[in-house]
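As structure tokens, the structure follows; a few thoughts come after it.
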Amino acid sequence: MAKKIRIIDSTLRDGMHAVSHQFTPEEMAEIAAGLDAAGIDTIEVSHGDGLGGSSYNYGFAAAKDEDYLKAVSQVLKNSKLGVLLLPGIGTAHDLEMAAKFGAKVVRVATHCTEADIGEQHIKIAKELGMEAIGFLMMSHMVPPEKLVEQAKLFESYGADAVYITDSAGAMTPYDVKVRIEAVKAAVSVPVGFHAHNNLGLAIGNTLAAIEAGATYVDGTARGLGAGAGNSQTEILVAVLAKLGYETGVDLYKIMDVAEEVVAPKMRRPQIVDKAALSLGYAGVYGSFLLHAMRAAEKFKVDVRDILIELGRLKTVGGQEDMIVDVAYELSKANKQ
């Protein structure tokens with residue numbers, strides 16, 4: 001019997017980074033209807049930085065969270081509606097609102113050393129009848145044993161699964177393998193993996209995760225996402241089918257959604273350009289890229305220098321304000 005792999009598609013959440021959070025509710029509904037018809041298990045919807053993310057710091061979205069969720073929930077027939085929540089950005093009220101509009105799955109995302117700040121949100125989600133998944137961001141920054149400790153915390157709070165998340169697209173297949181194997185051996189809940197393609201390794205890393213025991217993996221149509229994007233859902237489905245895995249996704253239909261519905265809405269090609277490659281090389285949070293590109297233009301400095309310095313400083317999600325500081329200091333140094 002073929003091994004079942006659950007695909008969570010994040011085109012309508014991670015993909016929001018690549019369009020500056022400007023998908024309209026109508027565009028989201030159109031994409032979601034296609035993903036649903038293709039057989040995607042779970043469709044994640046929200047601002048790129050999760051529920052409540054629309055703000056000056058993270059970028060204002062084209063519409064409110066509830067407008068997106070309402071629009072998507074009305075077109076789903078089989079897929080589960082999911083959301084992302086970062087404690088400190090999203091609130092318990094946001095969770096309650098999401099549940100009201102039909103969200104069945106929430107991924108509670110914390111920095112890879114801070115699972116404890118997600119305890120309240122995991123427990124509230126469970127009380128609301130939602131599937132709650134712990135999402136350990138920037139997992140390349142700590143060794144496997146630290147991720148084990150944090151994954152066990154999420155499990156103790158009641159999480160239904162735990163994700164190892166390569167937010168910077170900085171991992172190699174070996175990095176993924178040792179982390180997934182360690183966490184898989186330590187928890188009794190399913191383990192998942194979320195990839196970014198900044199080193200061109202998103203699909204390879206996702207396969208390494210599956211071989212190491214992950215049964216939940218992420219993708220986005222056309223790879224739409226922060227930095228160089230994510231694992232392309234349509235490629236992931238094709239490769240997993242060749243390897244004998246069962247995803248429940250219709251390959252032709254997911255190809256059609258990617259090419260005919262998502263591609264025309266893309267602002268720029270989702271490629272590993274020099275800026276995205278610098279993200280992965282430096283190990284910098286993927287959503288920093290567009291902010292860094294704007295700062296580079298404003299201060300007339302090389303975006304790569306900004307990203308490398310942010311990596312040296314070991315910045316994490318939530319420290320977007322440092323991008324301008326770094327760009328300013330580089331500009332000042334260049335004039336001396």
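Every residue gets a Cβ built from N, Cα and C, even glycine.
Sequence-distant contacts of H17 (active site, proton acceptor), defined as residues of its own chain at least six apart whose C-beta falls under 8 angstroms from its C-beta, comprise G48, G225, A226, G227, G286, S287, L289, L290. The annotation active site, proton acceptor is assigned in Swiss-Prot to H17 on the grounds of sequence analysis.
The substrate binding site annotation in Swiss-Prot covers R13, D14, S167, H194, Y285. For R13 (substrate binding site), the count of additional Cβ atoms within 10 Å of its Cβ stands at 28 [all protein chains shown].
For D14, H194, H196, the entry in Swiss-Prot reads Mn(2+) binding site, with the evidence type sequence analysis. Classification of H196 (Mn(2+) binding site) by DSSP places it in coil, neither helical nor stranded. The Cβ neighbour count for H196 (Mn(2+) binding site), using a 10 Å radius and every protein chain shown, is 30.
Summarising the annotation, Swiss-Prot assigns domain 'Pyruvate carboxyltransferase' to 5-255.
DSSP assigns R13 (substrate binding site) to coil in the three-state reduction, placing it in neither a helix nor a strand. According to Swiss-Prot, the site 'Transition state stabilizer' annotation covers R13, on the basis of sequence analysis.
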* Structure fact -> Those same-chain residues, other than R13, D14, S167, H194, Y285, found with Cβ within 8 Å of the centroid of the substrate-site Cβ atoms are S10, H17, G48, A109, M137, T165, H196, G225, A226, N230, G286, S287
* Around D14 (substrate binding site), how many other CB atoms lie within 10 A of its CB? -> 28
* **In the chain carrying H194 (substrate binding site), residues 6 or more apart in sequence that have Cβ under 8 angstroms from it** => S10, F135, Y163, I164, T165, D166, S167, V217, D218, N230
* Structure fact -> Given the Mn(2+) site D14, H194, H196, its other Cβ neighbours within 8 Å of the Cβ centroid, in chain order, are S10, T165, D166, S167, G169, A195, D218, T220, G225, A226, G229, N230, S231, G286
* Structure fact -> Taking all protein chains shown into account, the Cβ-based neighbour count within 10 Å for S167 (substrate binding site) is 32
